[in-house]
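Q: Pulled the feature table from TrEMBL, pasting it below:
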| type | residues | note |
| --- | --- | --- |
| DOMAIN | B:28-250 | domain 'RNase H type-2' |
| BINDING | B:D34, B:E35, B:D142 | divalent metal cation binding site |
Amino acid sequence: MSESRVTTLKLSTLSQAEKHPVHFLPCEIEHNREANVDRYFTPAINKNKNEMTVSFRGRALKGQEINLPQGYTGLVLKEDHRPISDEEDRTLRVKSTFNSLTYWNLETQPTTDDTIVMAMNWPDIAAAIHGAVED
Amino acid sequence: MDLTKFDEDNSKSCRVVSAIPEVCKTTDCCLGIDEAGRGPVLGPMVYGICFCPISMKKDLENLKVADSKTLSEDEREKLFAKLSEANSYIGWAIQILSPNSISTSMLQRAKYNLNAISHDTAIGLVQYALDCGVQLKEVFVDTVGPAEKYQEKLSKIFPGVDVTVKAKADALFPVVSAASICAKVARDRVVKSWTFIEDLDVDAEYGSGYPNDPKTKEWLAKYMDPVFGYPQFVRFSWSTAQSILDSKAVPVHWDDDEENGEKAAAKQNCHSMLSYFARKKSGDTKREPHRYFTERKLETVSSL
C-alpha cells in the first residue's frame, strides 16, 4: 500500500445515515455487499423468552443482543468509487450507524465468556489504565 | 388431523396425536411404525404410529388399508378418514420433523445422521404410546436400513414387547400400512400448505420434492439466494442442495469445516520438521500482541 495515499471519511454524511440492525455471524461469508437479510434472516428469527434462535445455511445459531460500550457508535462505511490504482485517495461515507448488535454463536448458548462480549469491555479497561491518576 | 400447531412454527418439530381409545388401555395391542418423506430434499419427514387391539386386527384389515405408496393422495385421505372414524379402537400419533430440524441436526458439530434421527423418533413415538397406557404387545416397523440390528435395539429398549422390523412392512402388515397412511397424509398436507417463514415471493411448483423430479430441480435452481441459499423449506443437508450451493452460492466458512492438507496444518500451528532447523529470518521479530487482545480477537487496524 502506498504511503502517500489519503483516506477520507466524510463525517458530514453521519447525520443522514440510517440506523440498521447488525448481525454478527460465526462464519466467514465471502460476500461484501447487499444481502437479503430482511427477507431470509430477520423473519426467521425465533425469539423465545431470553433465547434467540435462527438458522443460516442449515446450521443452528443461538444469539443475543449486545450494546456497544457507552459513548461509542458503530459505523457501516461505504466506498462508492473503488480507486483504480494504489496511489489514488479514497473517500468513504457513513452508510448506517448502530449502537447495538446481535451476535450469533454456532449451536452454543451465548454467555459472558463469548469473545465479542469480552472485547466490549476493553474501552473501559483502556480508560482506566491509560487515564490520568488523581491523588 | 389438526396440523395448526406445526403450521404456527414450521421451523421446529412437532407431535400431533389422536385420542387414545379406552379399549387400547385394557387389552393387548399391536402397533405399526412407518415414515413418509425420507428421500425428498424439500419439506418435513413424518413418522407415524398406529395402534389397535390385537383381537381387532381383522377389523382394521377390513378397512382395506394398503401401503400408502400404492395409493393416490385422494385414496389416502379417504382411508385416513376411515381410520379416524374407527377411533373407538384405532389410535395414531405422528411426529413431524421439520426440514429445518433435519438440516440443523445433520449439519450439527456433532453429526446426527438420518438413521439415528429416524430411530430416535420411532422410539419416542412408541414410548409415547406406552406412557399413555396403551397395552403394547406387538410392534411392527418398516425399515430402510439393516433390519436385524434395529430389531435388536428396539427389543432391548422395550422388553416385553414383541418387535418385528422388516423391509416393506408397510405392504405386509395392515397396522403398518395404517401408520404409513397417517404419516403420508400429514406430509402431503404440510407440503401443500407450506407457509414460508421467510418473506419470499415463491411459487409452489416444487413438485414431489424428490431430487430427481424435474420440477423440484427447476424450483431449486430458480430460488437460490447467493447468500442465504434457500428458505427453511429446503433440507440443506441433502447433497442435492449442497452441490448447488457449492457451485452457485457464495462460499461460507465455519470454524469446524473439514479442511485438508496445508491450510489445516497452518491453522493448527503445525510446522514442518525442517522449519526447526531453518535460520530465523532477521526481520521476523514482530512482537505478538498480549493474550488479552488475541483472546478477544482485538487488533489494531491502521488502514481500511
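Residue numbers in this text run from 1 along the chain shown.
The backbone N, Cα and C atoms fix where each Cβ goes, and this holds for glycine too.
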Q: Check the binding-site residues B:D34, B:E35, B:D142 for other C-beta atoms within 10 angstroms of each C-beta and report the one with the most.
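A: Answer returned by the neighbour count: B:D34.
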Q: Compute the average pLDDT of the predicted model within the domain 'RNase H type-2' (B:28-250).
A: 93
Q: Excluding B:D34, B:E35, B:D142 themselves, which residues in that chain have a Cβ inside 8 Å of the centre of the Cβ atoms defining the divalent metal cation site?
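A: Checked against the 8 Å cutoff, the neighbours are B:I33, B:A36, B:Y47, B:G48, B:V141, B:T143, B:A169, B:D170, B:V176, B:A179, B:S180, B:A183.
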